[in-house]
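S.K.: First, the structure itself, so that you have it in front of you.
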Amino acid sequence: MEGKWLLCMLLVLGTAIVEAHDGHDDDVIDIEDDLDDVIEEVEDSKPDTTAPPSSPKVTYKAPVPTGEVYFADSFDRGTLSGWILSKAKKDDTDDEIAKYDGKWEVDEMKESKLPGDKGLVLMSRAKHHAISAKLNKPFLFDTKPLIVQYEVNFQNGIECGGAYVKLLSKTPELNLDQFHDKTPYTIMFGPDKCGEDYKLHFIFRHKNPKTGIYEEKHAKRPDADLKTYFTDKKTHLYTLILNPDNSFEILVDQSVVNSGNLLNDMTPPVNPSREIEDPEDRKPEDWDERPKIPDPEAVKPDDWDEDAPAKIPDEEATKPEGWLDDEPEYVPDPDAEKPEDWDEDMDGEWEAPQIANPKCESAPGCGVWQRPMIDNPNYKGKWKPPMIDNPSYQGIWKPRKIPNPDFFEDLEPFRMTPFSAIGLELWSMTSDIFFDNFIICADRRIVDDWANDGWGLKKAADGAAEPGVVGQMIEAAEERPWLWVVYILTVALPVFLVILFCCSGKKQTSAMEYKKTDAPQPDVKEEEEEKEEEKDKGDEEEEGEEKLEEKQKSDAEEDGGTVSQEEEDRKPKAEEDEILNRSPRNRKPRRE
């Protein structure tokens, strides 16, 4: 019965899906007509005055630092005040693209959900962009941590380009209107992408204490998958934390994606090796690096035939019956005609194109039959002596180690070059990159408050504007109607099956009910009645025996305690009868 119900349900479900698919367009038209009617009724019932637009669920208020900061800008004043556009040219580049003439503007995001929230927007593509701003005061790397944080939104996605910031080193030569790619920086931090290579840079320039030369040190790549931050067109919060104990953390949206130590997790390492390979050392001419050599005592066997071919004709093969030896595999096309403009003087004698011989279609083959080629069992190839261990093997040669003349040990790489400005020096093939809410300070609490008042509001507004789970499922199904079938099979069908099995099962047999409830059944009652009869009969026999024993006892007392031989014989017989009555063999058979 359950199988029939299930089969019926599947048939009904399949019919409904087909009808829904066939009538999709008609349903859409009917729904649109109904909506038009409802809209007309509502418009007729509305007053003439236009209702004011609904206010956003999240109200924006420009963030304000809650403590001392080295730099903070939310751009909500609507101008580039405090920022300086570069007028420099990039060296070693064609004049057409050497200028830093990329456009910057302060504007809201194209799909802003927070009216009034503005940011710095990189407007142009395929151009060099450079803009910078002075800090309130230079940052000195002493006993306080450094925290850098800002927001990025790739509104159009990103093909190839960066959105990283540079913390420009404090030098007498620093001129922000000449900011370019060679301007000295202390730290570079932020996202960068080209092709399918998604990066989150953290680079600092370390000064060699012996030579005074600066060298870039790159943090290890994050283990997290960064692709979503570049492709989802949402605003993401990037945070760098450097501590005086040389530890660092990189966070995206307030979650750690990379961490480590400046001494252990940078490439190349901050401190060089104590020893290096001697550049003057040379490998001896007789140094043998061969682990295996040909056996010098091996001899080629006399029966080794190096000239035997790898393939030979199969001598056991026979020509298939019906093979057409006299028919060519291809013949001129009889329907082909010489083109009218064919010039035999210029083009030569015209020949019809070749086509497959139609006579060969019904035959196993045409033309000269040849035996197929097979592997030659006697083929051995060119003989080579076997390889043996080289008795003169000395291993792979390496130059000897010597003390590194350039060795130094800097145990406090956190004490970097002070910086006094922040800058964006970028090339991008995608426009409309949105930057917002830059902050540099030494207090994590201040940075978190700034993030909650800025990025936190964006996140809340995005969440309020996004549909719920059901809404997202409906939107996806509207774009891909086949998802309705998936929803039905994964949601409705299991629910129906649960109801079917729980509420419409078959009536159980009486025997099953008996096992569950211990209620007596007809055959069980009869069996119990038989048992009761046997029990009553046994009780009567026991009572009779007891009376007989009492009588015998009284007689024995009257006779002076003697027992006759007859009574002694009767007693074992009564015991035998009792045993036989209790034996299972004497019970009545159970009636089915």
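Using N, Cα and C of the backbone, Cβ positions are placed for all residues, glycine too.
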S.K.: Quick one: which of C8, C194 does Swiss-Prot link to C160 by a disulfide?
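M.R.: Out of the candidates C8, C194, the one Swiss-Prot links to C160 is C194.
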S.K.: Of the candidates E412, E425, which one does Swiss-Prot list alongside Y164, K166, Y185, D192 as binding alpha-D-glucoside?
M.R.: E425
S.K.: Just to be sure I read the record right: D117, D436 are listed as binding Ca(2+) in Swiss-Prot. Which of S74, S81, S86, S392 is listed for the same site?
M.R.: S74
S.K.: With C360 as one half of a disulfide in Swiss-Prot, pick the other half from C366, C441.
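M.R.: Swiss-Prot annotates a disulfide bond between C360 and C366.
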S.K.: List the residues of the same chain that sit at least 6 positions away from D117 (Ca(2+) binding site) in sequence and have their Cβ under 8 Å from its Cβ, in sequence order, or write 'none'.
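M.R.: Result: Y60, D76, E108, M109, D436, L457, K458.
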S.K.: Starting from the Cβ of D436 (Ca(2+) binding site), draw a 10 Å sphere and report how many other Cβ atoms land inside it.
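M.R.: For D436 (Ca(2+) binding site), the 10 Å Cβ neighbour count is 25.
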S.K.: Using Cβ atoms only, which residues of the same chain lie under 8 Å from S74 (Ca(2+) binding site) while being at least 6 residues apart in sequence?
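M.R.: Correct list: A62, P63, K118, G119, D436, N437, G454.
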S.K.: List the residues in the vicinity of the Ca(2+) site, defined as same-chain residues other than S74, D117, D436 with C-beta within 8 angstroms of the site's C-beta centre.
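M.R.: Counting only non-site residues, the set is A62, P63, F75, D76, K118, G119, E151, N437, G454.
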S.K.: If you run the three-state DSSP split on D117 (Ca(2+) binding site), which class comes out?
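M.R.: D117 (Ca(2+) binding site) sits in coil per DSSP, no helix or strand.
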S.K.: Helix, strand, coil: count each for the residues of the region 'Disordered' (260-345), based on DSSP.
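M.R.: Split by secondary structure, the region 'Disordered' (260-345) comes out as 2 helix, 17 strand, 67 coil.
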S.K.: Quick one: average pLDDT across the region '4 X approximate repeats' (348-405), no decimals.
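M.R.: Averaging the confidence scores along the region '4 X approximate repeats' (348-405) gives 93.
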S.K.: Taking helix as H, G and I and strand as E and B in DSSP, count the residues of the region '4 X approximate repeats' (348-405) in helix, strand and coil.
M.R.: 3 helix, 13 strand, 42 coil
